[in-house]
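Visitor: According to TrEMBL, the feature Fe cation binding site maps to His301, His350, His415, His590. According to TrEMBL, the feature compositional bias 'Polar residues' maps to 29-39. Annotation source TrEMBL lists compositional bias 'Low complexity' at 48-63, 70-81. Summarising the annotation, TrEMBL assigns region 'Disordered' to 23-95.
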Amino acid sequence: MDALSSSFISSTSAFSSQNLPIISLHSPKPNNSTHTLISSVRIEDKPSSSTTTTTRTTVKTTPTSPPRRPNSSSSSSSSSSLVRQRRPNPPTLPGALFNALDDIINNFIDPPLRPSVDPKRVLSDNFAPVIDELPPTKCLIEKGRLPSCLDGAYIRNGPNPQFLPRGPYHLFDGDGMLHCLRISHSGKSATLTSRYVHTYKYDIERRAGHPLIPNVFSGFNGLTASAARGALSAARIFAGHFNPANGFGLANTSLASFGDRLYALGESDLPYEVRVTSNGDIQTVGRQDFDGKLFMSMTAHPKLDPDTGETFAFRYGPVPPFLTYFRFDRSGEKQPDVPIFSMTSPSFLHDFAITKKYAIFTEIQIGMKPMEMIGGGSPVGSDPSKVSRVGVIPRYAKDESEMRWFEVPGFNIMHAINAWDEDDAVVMVAPNILSVEHTMERMELVHGLVEKLRIDLNTGIVSRHPMSASNLDFAVINPAFLGKKNKYVYAAVGDPMPKISGVVKLDVSSGRERRECEVARRMYGPGCYGGEPFFVAKENPVEEDDGYLVSYVHDERSGESRFLVIDAKSPQLQIVASVKLPRRVPYGFHGLFVRESDLQKQL
């Protein structure tokens, strides 16, 4: 599972190296009842041993003047001077008082007792954050040769808290960090950079030297904890410590490239535009509201039509309309909202799918559960009595008058793989999350069963066909086939989730028995775990699978991380190249490959 950061959750919260981490955060044994709490430990930036010179342009966000993309002549400062400028300021008397109250909440009112929010467990092994940012650093191509079609940048997003947690911490709560491998000179050169996304939350907390905004997923469990943290946040706002109008999201989930711009995304806020420089560094340009046309938040999984250049997206929230659909034209100009009032209750809508004719949404069994807070639980949980629905709307609809909903009991998806039109029907392929009640608390018990769902729009008949019995998620396709009928799916193997032990290739073009849909598999080996694969097509592909799968993989035995290139067409998913990275890359969420030609458009 990746970060389910949502406008739904964030709205509720608004109201109510170095190869090793700085300290050991390994899990205690199950029968150990002693809990060691971590309080206010700063992950300090340390000078890099690299001699590479880096530059960064920062854009300050204000509620009345959203940042605009600077031109190439904009002034910039070195990363070392940036660190000096952002040394923590001495706390004021109110600040010291608020921090003391925060410690009381974290240690006595709501200590991290549940495994899902215990930082000693959550931030163990390669889930632990890296200590500091990494400027552009040369990498060793230790095996094979990087194909020339990989000239560009592979960027992976994920949580990397800049402060070790003072109290409860969920895997989805960390500040966004981008790990970018810049490949150039026909695959002969590779450079790794790791930079935080400079969200408003990240910047103000870095200047303060301690957390100011409570964690979304771990900070509001139970009425007492929610009331205490809500009151503390209100006091900080009143004292001018932060302004919620500037956003409080993490931008830690995914990336998207459209309208000749590159964005870091998280559902609890607006997109943050970022830029990859010619030397492989990453700059945060700023929080973007698209000339005031985008409100509050946007999905972390927009869909780019490779034929039209349009991008389709949505947002969801805790008050009607619970779902709002919209799109961007080829130039990146946002088009008018289409509110969907026929969704009658707030539900998690982490992802969706498009075809050439339709947009497809799923109303799943995870939603708002306020009564759970009375017993100290999360305000978000599963509702076993709810019947999941799939909604289909023409993708150029101007209103919801043509929206149709179809009941699909037990169909709960977090990620959609692809969808297409088929006669008078729509077909969607997605991992159906079994045991959905464990999604937030016990991810290791979640099993993703890839299914093909077909809805006959004339008769309303819904049919489902399982594609694989394996525990699969984080699945991708050749991006050129998005919204069109495709044959191959490449999915990550949960061992168990959220750890990824390998990748499989599925043939979803027919209705064969599920044991026959898996046509290839590559496991990373003992102690080695990766993440979501990404498909990069060759320069002149002839068939759909003419290309490569790329991903970061970490060896927990040696502590080393690598960038692997896998031949997507080979029967055994052969590894054709390996790049040894200069330091470990923590496990994360979603990635994106941007070709050199597209990077040049964004400079």
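Just so you know, glycine gets a Cβ as well, placed from its N, Cα and C.
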Visitor: If you count Cβ atoms within 10 Å of the Cβ of His301 (Fe cation binding site), leaving out that atom itself, what do you get?
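Guide: For His301 (Fe cation binding site), the 10 Å Cβ neighbour count is 22.
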Visitor: Across all the protein chains here, work out how many other Cβ atoms are within 10 Å of the Cβ of His590 (Fe cation binding site).
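Guide: If we count other Cβ atoms within 10 Å of His590 (Fe cation binding site), we arrive at 24.
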Visitor: With every protein chain in view, how many other Cβ atoms are within 10 Å of the Cβ of His415 (Fe cation binding site)?
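Guide: There are 22 such Cβ atoms around His415 (Fe cation binding site).
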Visitor: Using all protein chains in view, find how many other C-beta atoms are within 10 Å of the C-beta of His350 (Fe cation binding site).
Guide: 23
